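The active site, proton acceptor annotation in Swiss-Prot covers Asp89 and rests on sequence analysis. For Asp271, the entry in Swiss-Prot reads active site, nucleophile, with the evidence type sequence analysis. Annotation source Swiss-Prot lists substrate binding site at Asp89, Ser90, Gly91, Gly92, Phe93, Asp143, Gln194, Gly221. The annotation Zn(2+) binding site is assigned in Swiss-Prot to Cys309, Cys311, Cys314, His340 on the grounds of sequence analysis. Taken from Swiss-Prot, the feature region 'RNA binding' applies to 252-258.
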Amino acid sequence: MYKILKTDGRAKRAEFTTVHGTVQTPVFMNVGTVAAIKGAVATTDLQQIGTQIELSNTYHLHVRPGDKIIKQLGGLHKFMNWDKPILTDSGGFQVFSLAGLRKIKEEGVTFQSHIDGHKIFMGPEESMQIQSNLGSTIAMAFDECAPAKADRKYIQNSVDRTYRWLERCKKEMARLNSLPDTVNPDQMLFGIDQGGVFNDIRIDHAKRISELDLDGYAVGGLAVGETHEEMYDVLDNVVPYLPQDKPTYLMGVGTPANILESVDRGIDFFDCVYPSRNGRHGHVYTKFGKINLFNAKYETDTAPIEEGCGCPCCQNYSRAYVRHLLKAKEMLGMRLCVLHNLYYYNHLMTDIRAAIEEGRYAGFKEEALYQMKTYDKQ
């Protein structure tokens, strides 16, 4: 159940109740692609840094260790020891971006595993079956994430097929949830709006998928090559056509600035690999922008990454020490940076929710964006 608690302009402060707990939105989903956050971060760490919901990848877990094995072990929650909500993406993005020699038909997609090259077929039914075996809280519909700069004819054909796939996903999910041995009979299904940067195609698709009465709706196919301005323009035009009584999810986005701007356009859910990926390379986020701990000026810096930060890294270690660990290629350095970045993102969302509740989001966003430019000017 989705309940809007407060609005401030187009920004929404809401809560989304699931069988695995209630999520306070806007929220950032911490990305654990293979049922773990890259950077030696455990689910016990996620509890400590305030993570509300985790995201795992259908394609990767299907390939290794196998969704049937995870079902045999009681589902993804038990497998990774996580009792809060989990969203699984459909595998579509990976099929269309990572896998080699793919062949698209109405039935689905045949492609090669990125691990050993063996052929895999995945269509709407297969994606739903895999996600049902995982038992995630929220399953994403199987879709084609077309390149942002694909021509209009290709995008239109892709969107029409994605809609037909969504109808099949809904039917299959209903069947799977009714089975006596299903891991999570309350599994939810989110549909995905596609259409590249063609707003008229996206709006038409948004209207069509809205009629299917799903548990939530995502805007997909962005942050794949278009400019930020194009992405925001899509959100400005499309989000108003998605159901306002259901959560809205912007897939794969993004930077702190992207999140601030997109919340202002009505988005509830976000996910992105940036916090963990950048952290593993010594790039850490602060309210004054992103800094590179490999920079020589931090060699003798005794301050934490960010003053006042409550993360395990900032509470215990200096920039100089973390820089030393990174230079020495000690895994602890990478782990501390990832923990800090995830804490930063989670805390940013806490501040965003408070600003909306208090009716001051416009000013909060403006100040936050201004502060983030500080390091860029040094």
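If you go along the chain as it appears here, the first residue is 1 and each next one adds 1.
The backbone N, Cα and C atoms fix where each Cβ goes, and this holds for glycine too.
Since we're looking at a predicted model, the values are computed, not measured.
Feature map: annotations from Swiss-Prot on the structure.
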residue	record	CB count, 10 Å
Ser90	substrate binding site	29
Gly92	substrate binding site	25
Phe93	substrate binding site	22
Asp143	substrate binding site	31
Gln194	substrate binding site	28
Asp271	active site, nucleophile	22
Cys309	Zn(2+) binding site	19
Cys311	Zn(2+) binding site	23
Cys314	Zn(2+) binding site	24
His340	Zn(2+) binding site	26
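Separating the Cα atoms of the residue listed as 'active site, proton acceptor' and Cys314 (Zn(2+) binding site) is a whole-number distance of 32 Å.
Asp143 (substrate binding site) is 41 Å away from Cys314 (Zn(2+) binding site) when you measure Cα to Cα. Non-local neighbours of the region 'RNA binding' (252-258) in the same chain are 93, 220, 222-224, 228, 231, 270-272, 274, 285, 345, 348, 368-369, 372; each lies 6+ residues outside the stretch with a CB under 8 Å from one of its CB atoms.
The residues near the substrate site, meaning same-chain residues not in Asp89, Ser90, Gly91, Gly92, Phe93, Asp143, Gln194, Gly221 whose C-beta sits within 8 angstroms of the mean position of the site's C-beta atoms, are Val95, Phe96, Met140, Ala141, Phe142, Glu144, Cys145, Ile192, Gly220, Met251, in sequence order. Mapped onto DSSP classes, the region 'RNA binding' (252-258) shows 3 helix, 0 strand, 4 coil. Looking at Gln194 (substrate binding site) and His340 (Zn(2+) binding site), their Cα atoms lie 33 Å from each other. Shown in sequence order, Pro304, Ile305, Glu306, Gly310, Pro312, Cys313, Gln315, Leu339, Tyr343, Tyr344 are the same-chain residues outside Cys309, Cys311, Cys314, His340 whose Cβ sits within 8 Å of the Cβ centre of the Zn(2+) site. Phe93 (substrate binding site) sits 14 Å from Asp271 (active site, nucleophile), taking the C-alpha atoms as the reference points. Between the C-alpha atoms of His340 (Zn(2+) binding site) and Asp271 (active site, nucleophile), the distance comes to 16 Å. Our reading of the substrate binding annotation (Asp89, Ser90, Gly91, Gly92, Phe93, Asp143, Gln194, Gly221) yields a largest Cα to Cα distance of 15 angstrom. In this view, Gly221 (substrate binding site) is surrounded by 30 other Cβ atoms within 10 Å of its Cβ, with every protein chain counted. For Gly91 (substrate binding site), the same-chain residues 6+ apart in sequence whose C-beta sits under 8 angstroms from its C-beta are Asn57, Thr58, Tyr59, His62, Met122, Ser127, Ile130, Phe142. Looking only at the recorded positions Asp271, Cys309, Cys311, the one with its C-alpha closest to Gly92 (substrate binding site) is Asp271.
Put simply, Cys311 (Zn(2+) binding site) is 37 Å from Asp143 (substrate binding site) when counted between their Cα atoms.
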